[in-house]
Amino acid sequence: MMYDIIFIGSGHAAWHGAQTLARAGKKVALIEENKVAGTCTNFGCNAKILLDGPAEMIHHLHHYHGVGINETPDIIWPELMAYKHQVIDPLSDGLARMLSVDGIDIIAGHAQFVDTQTISVGQTTYTAAQFVIATGQKPAKLPIPGAELTHDSTDFLDLPDMPKSMVFIGAGYIAMEFASIAHAAGSQVTLIEYGGSALNGFDKLYAETVVADMRAKGITFAFNQAVSEVKALDDGQYVIETSQGTRFQADYVMDTTGRTANIDQLGLDSIGVAYDRQGVLVNDHLQTTVHNIYASGDVISKSIARLTPTATFESHYIAKVLLGEKAPIRYPVVPTIAFTLPRVAQVGVTSQEATMRDDLQVIEIPYGQMMRFQTLNDSQAALKIVVNTEKKLLGAAMIGDFAPEIVNALVPVINKQYTRDDIQSQIFAFPAHTGVVLPMIANYLD
Ligand SMILES: Cc1cc2nc3c(=O)[nH]c(=O)nc-3n(C[C@H](O)[C@H](O)[C@H](O)COP(=O)(O)OP(=O)(O)OC[C@H]3O[C@@H](n4cnc5c(N)ncnc54)[C@H](O)[C@@H]3O)c2cc1C
Ligand SMILES: NC(=O)c1ccc[n+]([C@@H]2O[C@H](COP(=O)([O-])OP(=O)(O)OC[C@H]3O[C@@H](n4cnc5c(N)ncnc54)[C@H](O)[C@@H]3O)[C@@H](O)[C@H]2O)c1
């Protein structure tokens, strides 16, 4: 079969662009070896945020302990997991149906390049004028004895019962988010982190505040410890040893030490597509070292955050390029959120970066303290904003239960370089969190 464009993968890095191209009259196929719709929909964001819901609710209720609420409900994990299956499982077929309406073919199986115009799936070959590698990432496995005894994020999001105790190796996004969920669901949780801090990339103070909050709830952290071996005990538990000589014991061990590009057995070497340890190399048009082959999403070797919205942005951009766009890709600021309890978020220039530059100022706004009638006793809620000498917003870090909504509200303020008047000439609903924070920020703009 001859196509105009074949996407390898069917996640956000693929299907948005595929849809645009098909609607523009191109003959398009997606090749998918697992569930259609990729990681975010099936094994990532969507399932995660659904399972986090009751944990978030309990976290909110805690703010009212002693001031109107005295009991916290329990999470019935098997019931919640059944609900997750009910909501998440049909999404894949739903997307497949939607894509077929646009005339997009979905080919099931593992794709491997034969040459720069041909790809094989099992015994069948398909040709295309252009290809997009959108194969994402897979969970990393530590190269240690007993690695096969550890579990990954996909296993966690499918747990039929919540183990009594869990060890997370690492304290990045996945470990911190899942540890919060597991703890709320009754598990005794320990995180063992190789570095000296959690949530690298987020504001240091806010990341430390989240760790302190999690510790206060009873979650254990061990920093500066490299896990060296995992052993199974006869009673079904596991021992986790570190190079520093510390031993931990738990019913379930999660390897949450990062993710690596899905480029094995794709045949990249044979056709000359270059890659490094981070993924496929691309130019500023997302073109690989082979002119008719592009790459999109998590599989790219890039400094930009590997997130669903960035994968979606790249997918849209590639569709435009394949339809004649000449301009190089220009990323707007990328907001990112760790769905811990409390949440932390970051967009644009970080406060750490700003403190090293004379032309930037960091302003702290402890809005949780200032707006206690509204912030549900979430008194730690706070923002650090970065403004330049022209008093324009360049970045912001924040902590608090409503950080996900606030960070998104700040995206246009940064991208469109809003002035004070741009904000003050609009009416925002009150007492919504964004309706409080935006006018506060306006005071610091010109
Ligand atoms: C647990 C977890 C939680 C996350 N939470 C968030 C969040 O809250 N917010 C956020 O923005 N991001 C989140 N992410 C990141 C987000 O899921 C990814 O950035 C996003 O899915 C990337 O999309 P993609 O299309 O590049 O890759 P994927 O969605 O991984 O899609 C790649 C697809 O390619 C297929 N594939 C691979 N190799 C082949 C092959 N050779 N042949 C055929 N098919 C192949 C795979 O099966 C997969 O379906 C999370 C990730 C995880 C793991
Ligand atoms: N909310 C979100 O947007 C979200 C949520 C989950 C995942 N993601 C995506 O998934 C990616 C992967 O997440 P992740 O949490 O697996 O990776 P990560 O890179 O965020 O964190 C991995 C952590 O493991 C630690 N580590 C590495 N080797 C170790 C060892 N031997 N012993 C102990 N600790 C060790 C690292 O120091 C790091 O802190 C993220 O970078 C992001 O792109 C995003």
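In case you wondered, yes, glycine gets a Cβ from its N, Cα and C as well.
Feature list (source: TrEMBL):
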BINDING   Gly170, Ala171, Gly172, Tyr173, Ile174, Ala175, Met176, Glu177, Glu193, Gly258  NAD(+) binding site
BINDING   Asp298  FAD binding site
DISULFID  Cys40-Cys45  disulfide bond
DOMAIN    3-312  domain 'FAD/NAD(P)-binding'
DOMAIN    334-434  domain 'Pyridine nucleotide-disulphide oxidoreductase dimerisation'
Checklist outcome for this item: Those recorded positions among Cys40, Gly170, Ile174 lining ligand 1, judged by a Cβ under 6 Å from any of its atoms, are Cys40, Ile174
Checklist entry - Using Cα coordinates, what distance in whole Å links Ile174 (NAD(+) binding site) and Asp298 (FAD binding site)? => result 15
Next on the checklist: Give the mean pLDDT for the domain 'FAD/NAD(P)-binding' (3-312) on the 0 to 100 scale.
Outcome noted: 97
Checklist entry - Among the binding-site residues Glu193, Asp298, which residue has its Cβ surrounded by the fewest other Cβ atoms within 10 Å? => result Glu193
Checklist outcome for this item: Other than Gly170, Ala171, Gly172, Tyr173, Ile174, Ala175, Met176, Glu177, Glu193, Gly258, the chain contributes near NAD(+) (Cβ within 8 Å of their centroid) the residues Phe168, Leu191, Ala198, Leu199, Thr256, Thr257
Checklist entry - Over all shown protein chains, what is the count of other CB atoms within 10 A of the CB belonging to Met176 (NAD(+) binding site)? => result 27
Checklist entry - C-alpha of Met176 (NAD(+) binding site) to C-alpha of Cys45 (disulfide bond): distance in Å? => result 14
